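Visitor: I have a structure I would like to understand better, so I am pasting it below and will then ask my questions one at a time.
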Amino acid sequence: MDLISVLPSTSKSCVCMHKPLSSSTHKLKPFCRTIRILGMPRPRKSVLMASSMSMSVNTLVSDDDIQRRTGGYHSNLWNDDVIQFLSTPYGELAYRERGERLIDEVRDIFSSMSLEDGEFSDLIQRLWMVDNVERLGIDRHFKNEIKSALDYVYSYWSEKGIGCGTKSIITNLNSTALGFRTLPLHGYPVSADVLKHFRNQIGQFVSCPSETEEDIRSMVNLYRASLIAFPGEEVMEEAESFSEKYLKETLQKIPDCSLSREIGDVLEHGWHTNLPRFEARNYIDVFGQDTKNMESNRKTEKLLELAKLEFNIFQSIQKTELESLLRWWNDSGSPQITFTRHRHVEYYTLASCIAFEPQHSGFRLGFAKACHIITVLDDMYDLFGTVEELKLFTAAIKRWDPSATDCLPQYMKGIYMMVYNTVNEMSAEAQKAQGRDTLNYARQAWEVYLDSYMQEAKWIATGYLPTFEEYLENGKVSSGHRVSALQPMLTMDIPFPPHILKEVDFPSNLNDLACAILRLRGDTRCYQEDRARGEETSCISCYMIDNPGATEEDALNHLNVMISGVIKELNWELLKPDSSVPISSKKINFDITRAFHYGYKYRDGYSVSSVETKSLVMRTLLEPVPL
């Protein structure tokens with residue numbers, strides 16, 4: 001039966017009594033970059049509501065004569081046939097055995113570096129190997145070799161940087177920039193002041209007039225390094241501005257080649273929207289087209305073959321996981337929820353692009369399921385449900401008992417059970433990985449999340465516009481970042497004891513910043529479409545009310561500056577030295593932020609997933625790399 005075909009009126013006598021797990025409000029701490037709230041009266045109704053509601057809004061009248069709004073989203077792009085008929089031969093034993101042999105051969109290449117590389121190139125060669133195995137997506141096999149190589153490089157690091165080799169007389173920008181980018185990501189403390197030594201007498205970066213390939217690559221690595229900036233590092237901002245301008249001008253001069261494509265990819269995706277598996281797919285093409293690399297010794301041939309094979313072998317794992325996800329989607333009754341977006345395959349793809357180690361199946365599937373649930377709830381609270389129905393649903397979730405569905409309208413019953421069953425199942429998976437029961441902890445997160453939705457539903461129903469600060473504090477919770485990350489993260493083979501979890505999850509600054517980025521970036525991409533659907537409240541509208549006379553362009557500029565600053569703070573939270581939390585424990589939450597950020601890079605890629613998001617699915621999930 002279609003879940004929205006029967007919508008009986010809610011009985012006034014039915015009351016879902018509940019006891020929340022915690023009396024705490026779980027209010028996120030104030031965000032450090034909120035604007036000054038002006039001392040002016042707040043309008044209770046939006047002055048733009050009448051005009052925005054007159055725009056195209058999809059509505060339907062249910063069987064109980066309730067007028068309901070829907071988003072008019074496009075349908076699911078990946079039906080059962082697309083998934084079920086995926087075929088790949090790369091799951092066969094012969095390919096895996098070939099991969100194991102290649103791994104051993106690449107290990108031999110790492111080992112031979114100390115013998116083959118001269119003292120005038122030993123540093124850059126080690127950095128080259130580390131950088132390439134990471135960009136090709138095969139670094140998980142060489143953790144010990146990478147550490148040994150970086151230990152060696154760091155032992156020669158100075159306040160002025162490094163040269164190409166240990167016997168080099170002068171420091172080298174390419175070696176220093178590549179080292180400066182790579183070392184912090186592995187926990188080695190280095191100062192941005194090292195880049196000051198590559199400026200001229202008046203404190204400006206300068207380019208070499210010869211513009212050789214090495215000069216250009218120096219600028220590529222300087223730009224890549226500049227993106228891992230911390231707050232207050234002016235030299236990093238200068239390096240980014242200078243190298244970005246240089247590379248854009250270079251693209252206009254050089255012919256189409258592997259180097260030009262590499263520059264284009266780096267400028268297009270940077271770091272914070274360059275998902276590791278997506279980067280690997282793009283870099284495989286760049287690496288394979290580089291004639292200089294292919295004329296080199298066996299290093300490049302082995303690296304490239306292993307990267308291609310690993311990429312395709314993982315697709316055989318993805319096929320099995322997609323079949324499992326499709327069964328869950330059907331069994332949960334999702335196809336009958338016709339008012340919502342169905343983007344479970346897209347969410348799975350994002351998870352696969354940030355965690356493609358085979359053992360992290362639980363994370364990938366959990367993330368896709370959690371995000372699908374969040375999307376259903378988002379559309380139900382923002383559009384389809386009435387305020388009274390949503391109050392009943394929120395109360396029923398806090399009871400956490402299937403009998404609570406007796407109080408709910410018919411269309412909500414299946415949604416409730418999808419949430420209930422999936423959260424319980426993910427908690428069981430997390431208990432296996434973490435060795436303790438985390439269900440109550442997860443329930444608290446979902447309760448707070450729905451409370452934030454309930455607040456927004458009331459704002460929409462009344463037309464009330466909150467202050468910017470009020471909206472952002474609630475919006476960081478309703479962004480869904482925390483509940484999308486928490487349980488999938490706990491299924492991984494990374495220990496998250498309570499003292500570590502509190503530094504990664506709520507109430508940590510890492511969590512607060514990640515949620516802020518998702519809310520701010522999401523609003524800059526979605527506010528016009530949301531307003532057309534009658535959802536007036538956004539960071540943009542609240543900023544404009546707080547600042548009379550400000551235009552939408554002013555608001556967008558302000559938010560973009562905020563986002564840039566928050567990204568730098570997030571970099572610091574991930575990489576700050578002397579942290580009690582390993583980078584590996586923080587990295588998955590950081591990478592989830594990158595995944596969401598990618599989805600909003602060009603547009604709302606979750607509502608309109610038929611362009612860039614579809615391309616991501618095709619390129620990383622469905623299309624193998626030609627060997």
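Cβ atoms are placed via backbone N, Cα and C, with glycine included.
Below, the features straight out of Swiss-Prot:
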type	residues	note
BINDING	Asp378, Asp382	Mg(2+) 1 binding site
BINDING	Asp378, Asp382	Mg(2+) 2 binding site
BINDING	Asp530	Mg(2+) 3 binding site
MOTIF	378-382	motif 'DDXXD motif'
TRANSIT	1-50	transit peptide
Visitor: I want to check the contact list for Asp378 (Mg(2+) 1 binding site): same chain, sequence separation of six or more, C-beta distance under 8 angstroms. What comes out?
Guide: Tyr453, Gly480
Visitor: Out of Asp382, Asp530, which of the binding-site residues is least crowded by other Cβ atoms within 10 Å?
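Guide: Candidates: the binding-site residues Asp382, Asp530. Fewest Cβ atoms within 10 Å: Asp382.
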Visitor: Restricting attention to the motif 'DDXXD motif' (378-382), give the mean pLDDT.
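Guide: It averages 93.
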Visitor: Look up Asp530 (Mg(2+) 3 binding site) in the DSSP assignment and reduce it to helix, strand or coil.
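Guide: It is helical.
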Visitor: So how many of the residues in the motif 'DDXXD motif' (378-382) end up helix, strand or coil by DSSP?
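Guide: Tallied per class, the motif 'DDXXD motif' (378-382) gives 5 helix, 0 strand, 0 coil.
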Visitor: Rounded to the nearest Å, what's the C-alpha distance separating Asp382 (Mg(2+) 1 binding site) and Asp530 (Mg(2+) 3 binding site)? Just drop the number here, would you?
Guide: 9
